[in-house]
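K.L.:
Got a structure for you, written out below as structure tokens; questions coming shortly.
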């Protein structure tokens, strides 16, 4: 039996995944003239080479920014909740591009929901554009990072400039949150480097809205530039419709970094390509990676591509799965140490008169304005943010996800909330009929890495890509305490803002923010290269050493990917002509 | 009506019931939009069948809907046997199947779900036999609740312009934008100093020009409040930890 065909083209670097972080790395490598091939398991939206990405395979790969099409994005991204976001058959799901097929399997032997997206842009396809930096003490004071916070700052600055990242605009629901925060005694934070408690607008990678939206406006929003405040981040957020591909307001990797990467002329992206093996050879010294075997998700055909360097950017679940399925060495930390920000949700329902008094309108209108535009930082415990959704996701995340049973049988006396747990029946109908007078907050807990938590293989269950990943995660009692602290602060803020009814979900695990399952300092050296194999790097959120304090992880993931790209170029190519930090810190393999 | 569909009907009807006394669209429930079918279809398309016995029987995807129905009946039976039922048994509605889950009152159906995922036989087996992934039962239950709620209040399974759940929430549907821009609480963030004991600067003292002043809040003393809160948080933390386990 002969093995899979080898690609005739041999890129310098092959990258597994073109999700949230990998395009940052590919762009940086492309800038140095290094040829990069990205293999993405899911579809490529808004690309003329894949005009019907969920119905037919299209052409093999894309390497030109001219392939990118805003018109196609408008056609594909309908902004409807189920059509875009159903985790079973939505366009933004963890599964093959082919809509006739089911999602890919994971074994999750516990309560919880995974919310990951396959496709170019990855989970930034449905993220909310939130780009806070890590909390300073999470890097400098917690024991996990072999880097200093200061090592990341130049990369943060670079991304803040290019996406760009700006303070979110005030909208009525943000003003309601701010007023609650002020009345609860918090100060406004204006600095990017956060060490102290305080409230602030979210640093968001969303283009600032058009000034026309500050007054009476009755146009069709196609004449505007920047954010239209349509709140469709979770549904892919293609606004403003009619704009050029690269000028869409929400700066997910698909519209922000991918065009820049393609523009270098050195990056090729092959969607529908699921990597199944990292190929290695025994070198004169340690094990060396030399390529990747992948499978076309439409044709089933397996191929091999050889390269000087392999980068794994398949995310916190699939990167360790691929590693383990490839038989790469595991000293006990591969896939382990997963952090998830141990989410919670707290909502407040307001009466119309109270709202009129505080924000001058008789409803919160959660569906208007950026989905997440204001936040409260609590370094040491995590963060609290306004997190608003269309009704379906509201009902699912806010009212159907709990580890504390059902609201109808939970006693909340002595608690700062009126109800807790899952809400069903008449109570759910009441909550949802008040959707427009409800403000929903999310708590992102600073949960800490533990070796018990993470990803392993489920040897009893195989799909066409090999044994599937098994996910086990449970909070430490200290994580629960931090979460409870955040939930109480959320309730206090809502109460101060005048909420008449407060609900806490006590959420079951939502695997959306995932970090640190292939951590730098454990599995990787400080340059992002594997400690146990040469020419093998990891550049996704799994490389983060912890949960960055509970700040949304994308900014740090992309910053680290840029930094890893520079170390990769230094070690195996001709270096970086224009290093981002004026005085780069040398990476060490000795950590 | 199949066994799977009818048992799932008893689930979705408990989560979003029809409430005939309510006005207009608020009277309708999950069964008015055939949510039992949507959830059944979703469960049967949740995951491709792995290589092995299920696929060799001709299934391309895992038949999880009948598994869900069977589990719900097991949970109902356990609730009855434990004598934890709090509502009277009743004849199943026409849309329901005939198993024990379909005969429970709506809150008891939720108690059966809780047994399956947290307090009952399967979680106990999961503790006792950690090598067998019994926890998948809890995952399926959470999935059933999540999918039911999301589909009830979105266009999942309903291609009409404004599905029932959106109308019940008074959500107008996708929009091109909203003119709700109220300016900026902070015009630009500043690259503040950090990390440094006595060298650290207060954000709002560096130049003051870039940030609008905070409103100042009221007279409450945040420190006193946090001290007070952290004490009660400790107490409640113990209670929550106990409930989680």
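Backbone N, Cα and C atoms are what each Cβ position is placed from, and that goes for glycine too.
No curator has checked TrEMBL annotations; they are predicted automatically.
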K.L.:
Per TrEMBL, which of A:47-69, A:70-92, A:93-115 is region 'Disordered'?
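P.N.:
Region 'Disordered', as annotated by TrEMBL, spans A:47-69.
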K.L.:
Could you check which of A:445-482, A:483-520, A:521-558 is flagged in TrEMBL as region 'Disordered'?
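P.N.:
Checking TrEMBL against the ranges A:445-482, A:483-520, A:521-558, the region 'Disordered' one is A:445-482.
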K.L.:
Restricting to the domain 'Glucose-methanol-choline oxidoreductase C-terminal' (A:449-561), what is the model's mean pLDDT?
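P.N.:
The answer is 97, the mean pLDDT of the model over that range.
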K.L.:
Could you break down the residues of the compositional bias 'Basic and acidic residues' (A:462-482) into DSSP helix, strand and coil, giving a count for each?
P.N.:
6 helix, 9 strand, 6 coil
K.L.:
Under the DSSP assignment, what numbers of helix, strand and coil residues are found in the domain 'Glucose-methanol-choline oxidoreductase C-terminal' (A:449-561)?
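P.N.:
The breakdown for the domain 'Glucose-methanol-choline oxidoreductase C-terminal' (A:449-561) reads 34 helix, 32 strand, 47 coil.
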